[in-house]
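Visitor: Before I ask anything, here is the structure I am working with.
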Amino acid sequence: MDLFKRVNNNCSNKFCTPIFPQNHARVAVLGASGGIGQPLSLLLKNSPLVSQLSLYDIAHTPGVAADLSHIETRAKVTGHLGPDQLGAALKGCDVVVIPAGVPRKPGMTRDDLFNTNATIVATLSDACARFCPEAMICVIANPVNSTIPITSEVMKKHGVYNPNRVFGVTTLDIVRANTFVAELKGLDPARVNVPVIGGHAGKTIIPLISQCTPKVEFPADELSALTERIQDAGTEVVKAKAGAGSATLSMAYAGARFTFSLLDAMNGKEGVVECAFIRSEETECKYFSTPLLLGKNGIEKNLGLGKLSAFEEKLVAECMAELKTSIKKGEDFVANMKL
């Protein structure tokens, strides 16, 4: 159960023994047949925190559900196929995780994905607003810097928007930062925590190496190279897969980690902290990722940026224009669409 020791612990104390309460959470995965959706669903099926796992996609979902249903864990799995079954997939859900969308290919930026994935996320958010308006919504679909504003605006149109329950899952940036720092310093990556703030694309990804636990230091040139690697890690995977897809397995792990943290907090565990891209007042941007204290009702407290180094302050300043543009693009998309 080492995986669950990792993903069930909060950012500041990931290596303590997790609590596995007899939770009765119903979790839906929208896009469950895809490259992220299948391994993510497997991890969720394996967790005692989940009692019902509702899988939705436009193809192959009954087969994925049948396959997972044979695993000897408590979660009951149901498969739902196509738009006509979307409502049934969502009804009564406590948490909805959305990895649906097309993957990034070589030469594509996250912004290139916008038109296709924006429509998918808007459609799924609309269904969430109608069938499970009080659920926690965890959006993985890229570009997160735009898809979270899309989700928020759709929920607003239905009059059910709660900013404490809508999350852009940026956990993969933290997972990568932890791994890369551990490699460079010869540390156990399970004991490393690097907060990552900002957004979830390129230079909007801002790892706070100065706030790393345990404390680490790097020369300026090495710090710059490390930061760039964390920011470009998604492209690293896309190139390595040579056209066969983007980060799927690591993203599934990161999505599971965030979901388990959220479920732990909803179930009463205290001190659960994760970073996520949310509606925020911490900077001049309407949405911004920072460490969050999670609770029974979603975000309990935004822990803010903390003390930044001069290098990190510069990164924050430099990302603002791009982040604002991405946010506005998402908002404008919903303003111009018909629900």
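Any Cβ shown, glycine's included, is placed from N, Cα and C.
What TrEMBL says about a protein is an automatic prediction, not a curated fact.
According to TrEMBL, the protein has these features:
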DOMAIN    26-168  domain 'Lactate/malate dehydrogenase N-terminal'
BINDING   GLY31, ALA32, SER33, GLY34, GLY35, ILE36, GLY37, ASP57, ASN117, ILE140, ALA141, ASN142, MET251  NAD(+) binding site
BINDING   ARG104, ARG110, ASN142, ARG176  substrate binding site
DOMAIN    170-334  domain 'Lactate/malate dehydrogenase C-terminal'
ACT_SITE  HIS200  active site, proton acceptor
Visitor: Within its own chain, what residues at least 6 apart in sequence put their Cβ under 8 Å from the Cβ of GLY35 (NAD(+) binding site), listed in sequence order?
Guide: PRO103, GLY245, SER246, THR248
Visitor: Write out the long-range same-chain contacts of GLY37 (NAD(+) binding site), meaning residues 6 or more apart in sequence whose Cβ is under 8 Å from its Cβ.
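Guide: The list for GLY37 (NAD(+) binding site) reads VAL29, GLY31, LEU55, ASP57, VAL64, PRO99, ALA100, ALA252, given in order along the sequence.
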Visitor: For ALA141 (NAD(+) binding site), which residues in the same chain are close in space, meaning a Cβ under 8 Å from its Cβ, but six or more apart along the sequence?
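Guide: When sequence neighbours closer than 6 are ignored, ALA141 (NAD(+) binding site) has GLY31, ILE98, PRO99, ALA100, GLY101, ASN117, ILE120, VAL121, THR147 within Cβ distance under 8 Å.
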Visitor: Taking just the CA atoms, what is the gap between MET251 (NAD(+) binding site) and HIS200 (active site, proton acceptor) in Å?
Guide: 12
Visitor: Quick one: of SER33, ASN142, ARG176, which binding-site residues lie within 10 angstroms of HIS200 (active site, proton acceptor), measuring between C-alpha atoms? Sequence order, please.
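Guide: So the list reads ASN142.
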Visitor: Between ASN142 (substrate binding site) and SER33 (NAD(+) binding site), find the distance joining the two CA atoms and give it rounded to the nearest Å.
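Guide: Rounded to a whole number, the Cα-Cα distance is 17 Å.
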Visitor: Fill in the CA-CA distance, ARG176 (substrate binding site) to SER33 (NAD(+) binding site), as an integer in Å.
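Guide: Each residue's Cα considered, ARG176 (substrate binding site) and SER33 (NAD(+) binding site) end up 24 Å apart.
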Visitor: Can you give the largest Cα to Cα distance in Å, as a whole number, for the residues GLY31, ALA32, SER33, GLY34, GLY35, ILE36, GLY37, ASP57, ASN117, ILE140, ALA141, ASN142, MET251 that bind NAD(+) in the record?
Guide: 18
Visitor: Of ARG176, HIS200, which of the recorded positions has the most Cβ neighbours inside 10 Å?
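Guide: It comes out as HIS200.
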Visitor: Show which residues of the chain containing SER33 (NAD(+) binding site), separated from it by at least 6 in sequence, have their CB under 8 Å from its CB.
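Guide: Expected: LEU55, ASP57, ALA59, HIS60, THR61, VAL64.
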Visitor: For the binding-site residues listed here, ASN117, ASN142, which shows the highest count of neighbouring CB atoms within 10 A?
Guide: ASN142
